[in-house]
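Some notes on the structure that comes next.
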């Protein structure tokens, strides 16, 4: 009997222990991946809800009201872009040495350009192998003879946006060359010609009709300075990086502004931590609203199915094969365990289709999950969200060759090289906003003599592909941060093995002499003797 009682007690203890382990495992999983799981469920729920409501024939106004929570999500993310970029770059670069900063900058830009060019080559190889445009008949609503921006104008606009004339204006506008049509009507008409003869009862030979052929007016396009209602992220990044480098050289005199930037950066991260729980709710209505506006999926599949498969295959090869391979070769670490910490940012990128709007979440994932050095993340991510567009470059190369195949236009090797170079350059100028690739697509098409009006062939499916290429853009930025952190680990002795040390660092007080209005005046017995008290400020470590 005692043995049975002891055995039952042991079994009960084992069962309780197993239950405790399972409960602890589930609790740990929910604590680590709860928000990610809810976000994935939100995307699936949004897709289901959108397809269910497609048959209800909602009015345009009802769709606007339905998508309002998703609009709030986009506005919330865009609100954080400007303070995050400026504070991250200024505070991050101000604490670096000039040599380390220069080395990190060269490595970052070189890596970004290299991966973008590789993405273009992958897209060109796949579209030549699959041939999605061969035999495809399109009924497109072509724009027909609209103004076409040349590649030179687009390149000059990119350089102009690097140096904004008004920094305040750069927060909501960027420079864009406008083309104004000028009509030249000829004064002389061509000599009358015989056109046809009309039968006439009074004249058996018929009546001869003369027609004056007036040539059509010549349309000339004149360039004039204009603007587009988009934030000039490239100009803000360059200005903030320059300010950060100069603040670091100023030493103690620049310490107050560095403290302000560090505090702003910390406040933005706290806002993100609080707002991140609203994201799943907003994602549902953001995705569902886009599906409500979508055209008939069956028609899209028949016309652009192979084109979409080609783009998705290229993104899969580049994002899940080549980029992890580069990460493993350069760091000798498991890339997929690193990518696991970025899933939250990739889900937000899928929902918002904006790499700039996903920047706050990407920063949060790198610091908390991937343990990338804060100084490196503050520099690499904002620069990557501006110039690193691997998915966009791949998409532009595929789309250009697809349009050539639809028009039965044979491209030689020199034109393929031209497409690869222009797609790489055009993706750098693409803003981190939804469907920005369509704007820079004109540069790629005009470089090889393709009609720019044929962009309308792919507009119907662009919003779907835009979400997946944004995921690849965000993934490329984050993997670049991990690679640069490994290559520059000797320049940042505070970060051992790529992890940020969390203990407090004793920082000496910075002596700043107060101005006259801050003097504390004391009157002694012997007369008016003044004593200027020195104020000490502690440079905060964020």
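Just so it is clear, glycine is given a Cβ too, placed from its N, Cα and C backbone atoms.
Unlike curated entries, TrEMBL annotations are predicted automatically.
TrEMBL lists 33-53 (among others) with the feature transmembrane segment.
The transmembrane segment annotation in TrEMBL covers 73-93 (among others).
Counting only same-chain residues 6+ beyond the ends of the transmembrane segment (105-130), those with a CB under 8 A from a CB of the stretch are 306, 309-311, 313-314, 317-318, 322-323, 326, 379-380, 383-384, 387-391, 393-398, 401-402, 405, 416, 419-420, 423-424, 427-428, 472, 476, 480, 483-484, 487-488. Summarising the annotation, TrEMBL assigns transmembrane segment to 105-130 (among others).
Within the chain, the transmembrane segment (231-250) has long-range Cβ neighbours (under 8 A, six or more residues past its boundaries) at 81-82, 85-86, 88-98, 101, 158, 161-164, 167, 169-175, 257-258, 356, 379, 382-383, 385-387, 429, 431-432. Taken from TrEMBL, the feature transmembrane segment applies to 231-250 (among others).
Summarising the annotation, TrEMBL assigns transmembrane segment to 271-292 (among others). Long-range contacts of the transmembrane segment (271-292) within its own chain (CB-CB distance under 8 A, at least 6 residues past either end) are made by residues 35, 38-39, 41-43, 45-47, 49-51, 53-54, 58, 63, 66-74, 76, 80, 347-348, 351-352, 360-361, 363-364, 463.
Residues annotated as transmembrane segment in TrEMBL: 304-330 (among others). Long-range contacts of the transmembrane segment (304-330) within the same chain: residues 115, 118-119, 122-123, 126-127, 130, 132-133, 136, 336, 338-339, 390-391, 394-395, 398-399, 402, 458, 460-461, 464-465, 468-469, 471-472, 475-476, 479, 482-483, 486-487, each at least 6 residues beyond the stretch ends and with a Cβ under 8 Å from a Cβ of the stretch.
The transmembrane segment feature in TrEMBL is assigned to 342-363 (among others). Sequence-distant contacts of the transmembrane segment (342-363) (same chain, six or more residues past either end, CB-CB distance under 8 Å): 35-36, 39-40, 42-43, 46, 73-74, 77-78, 80-81, 84-85, 88, 231, 233, 268-269, 272, 276, 279, 283, 286-287, 369-370, 377-378, 381-382, 385, 389, 431-435, 463, 466-468, 470-471, 473-475, 477-478.
Within the chain, the transmembrane segment (33-53) has long-range Cβ neighbours (under 8 A, six or more residues past its boundaries) at 66, 276-277, 279-281, 283-292, 294, 343-344, 347-348, 350-351. Using a Cβ-Cβ cut-off under 8 Å and counting only residues 6 or more beyond its ends in the same chain, the transmembrane segment (73-93) has close neighbours at 101, 171, 231, 233, 236-237, 240-241, 243-245, 247-248, 257-258, 261-262, 264-265, 268, 271-272, 275, 278-279, 282-283, 286, 348, 351-352, 354, 356-361, 363, 374-379, 381-382, 542.
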